[in-house]
Amino acid sequence: MGEKQSLGDGKLNGEQIKTDLEDHVKLEAGEAAQCASDQAPLDGQETLQPTRLYKRRWMIVLLFSSYSLCNSFQWIQYGIIGNIFMKFYNVDAFTIDWMSMIYMLTYIPLIFPVTWLLDKKGLRVIALVATALNCAGTWIKVASVRPNLFAVTFLGQFCCSFAQVFILGMPSRIASVWFGSEEVSTACSIGVFGNQLGIAIGFLVPPILVPNVDDMDELAHHISIMFYITAGVATFLFILVVFVFQEHPKLPPTQAQARARVISPEQYSYTASILRLLRNKPFILLIITYGLNVGCFYAVGTLLNRMIIMHYPGEEVNAGRIGLTIVIAGMVGSLICGIWLDKTKTYKQTTLAVYFMSLVGMIVYAATLSLGHLWVVFITAGSLGFFMTGYLPLGFEYAVELTYPESEGTSSGLLNCSAQVFGIIFTICQGKIIDHFGTLAGNIFLCVFLLIGTIMTGLIRSDLRRQNANLLAKAEGPDSPNGSLPVTSIISESKF
């Protein structure tokens, strides 16, 4: 069934939607009888909850994007000038690759306790821990600028990778908690935007701040400047989060969020939520396809310096600019996709189209990398980034639709866990293939998995549960056949 048809059926058949939502809420609570007594009944006679959109929501999502930017910048700051750090710390290329892969490896075992903490303690605690860890990691790196202190700089990178676990899956949760149904996808895109912008700056700035010089003292000075700037920004953002970041608005932004709030922590079972998600077949397919796509992006980003230098020696700065082009194009793609989803709600069609174009972009990039013309690589890499990076918020929002009313942090965490697993596998395998057979073979390796992911995306059955919940709320408004329900108090752009 197509998504437009699915939504249309929801409008025509409010009773079916109501029954589905009631089942989801009862499942979330764990006890049907307890749920019936503790929650407002979905029997056509309920009083809809007041909702409100606060201006503060934009401050919250922009602050989140800022500290996400600071953290993601550090993911690639070693890899994009890997040859320089290899010389400074006297380590091999594979060891430098681990400076980005540690971000992926740390995420896998820690995402489950972190999402549990999110569900138990909320967004503010998660934000405080994330910025505190990120700040600590940056100052550890400041103390590591000596050739014999690679272990210290790795410890600093580990702290930052730990912080990432508290950041990467939050955009969809913040969007749902703070934003209305007509802007939730755009808000999620803004949240992802900060992560992408950080990666873009991570590609651009390190080659500029740390030139490839032979004098070790001069090189240490340049590295120290980069680390001090990062530490200063991280400290400022930590202070902002302490004084500005808020758990949630006083009134929920949507009826779907209002109903999610009535589930008490005592009723909620994190383990049961995970098990329900793992029994959700469309979501399992999305976990795999998301991991394949984003894992390919992680591999390309980590190995970009090596691939560019192999064909264009001495072009470290342009390697960074190509990485910047990939991510900037992806940021544009993310925002366009977010706005498009808010307007059309065509989640499956949009996700499939963007996935297919990611495959096309990867094929073209692989075919043109070795032609000897850097301007061609800029164009093809930008096309690849527009779709591959633009896919990130699509996956988050599609997951929330498929899994409502489960926690957005849990569904996003599982998606990102899959991406980290595939990212490590693809980075190691592609790196070995490039070393033995060249860049073309390494990129074809990724194309094969993007083809598999495209086919699997087409097999996902679209079940837009969150949209159906909001349609149910509208169907039970004053114009519905029930007629007895009061008007929902929706106050847009109210005071803080």
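Including glycine, each Cβ sits where the backbone N, Cα and C put it.
So that you can see what the record holds, here are the features copied from TrEMBL:
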- 481-496: compositional bias 'Polar residues' (COMPBIAS)
- 60-465: domain 'Major facilitator superfamily (MFS) profile' (DOMAIN)
- 475-496: region 'Disordered' (REGION)
- 58-78: transmembrane segment (TRANSMEM)
- 98-118: transmembrane segment (TRANSMEM)
- 125-143: transmembrane segment (TRANSMEM)
- 149-172: transmembrane segment (TRANSMEM)
- 184-205: transmembrane segment (TRANSMEM)
- 225-245: transmembrane segment (TRANSMEM)
- 283-301: transmembrane segment (TRANSMEM)
- 321-340: transmembrane segment (TRANSMEM)
- 352-368: transmembrane segment (TRANSMEM)
- 374-394: transmembrane segment (TRANSMEM)
- 414-434: transmembrane segment (TRANSMEM)
- 440-460: transmembrane segment (TRANSMEM)
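Between the transmembrane segment (58-78) and the listed ranges 98-118, 125-143, 149-172, 225-245, 440-460, the one holding the most Cβ pairs under 8 Å is 225-245. Within its own chain, the transmembrane segment (352-368) has Cβ neighbours under 8 Å at 289, 293, 296, 333, 337, 376-377, 380-381, 383-388, 390-391, 394, 439-440, 443-444, 446-447, 450-451, 453-454, 457-458, counting only residues six or more beyond its boundaries.
If you look at the transmembrane segment (440-460), the same-chain residues 6 or more away from its ends with a CB under 8 A from one of its CBs are 282, 285-286, 288-289, 292-293, 295-296, 299-300, 303, 307, 348, 351-352, 355-356, 358-359, 362-363, 365-367, 369-370, 402, 422, 426, 429-431, 433-434. In summary, the transmembrane segment (149-172) does not lie against the transmembrane segment (321-340): fewer than three C-beta pairs, each 6 or more positions apart in sequence, are under 8 Å. The stretch in 98-118, 125-143, 321-340, 374-394, 414-434 that contributes the largest number of Cβ pairs under 8 Å to the transmembrane segment (283-301) is 414-434.
Each residue in the domain 'Major facilitator superfamily (MFS) profile' (60-465) has a pLDDT score, and their mean in this model is 86. Of the candidate ranges 98-118, 225-245, 374-394, 414-434, 225-245 has the most C-beta pairs within less than 8 angstroms of the transmembrane segment (125-143). Panel annotation: around the transmembrane segment (414-434), residues 93-94, 97, 100-101, 103-105, 107-108, 111, 168-169, 274, 277, 283, 286-288, 290-292, 294-299, 302-303, 306-307, 310, 395-396, 399, 441-443, 445-446, 449 of the same chain, lying at least six beyond its termini, place a Cβ under 8 Å from a Cβ of the stretch. Listed as Cβ neighbours of the transmembrane segment (98-118) (distance under 8 Å, sequence separation of 6 or more from its ends, same chain) are residues 75-76, 78-79, 85, 125-126, 154, 157-158, 160-162, 164-166, 168-170, 173, 270, 274, 298, 301-302, 407, 409-410, 413-414, 416-417, 419-421, 423-424, 427-428.
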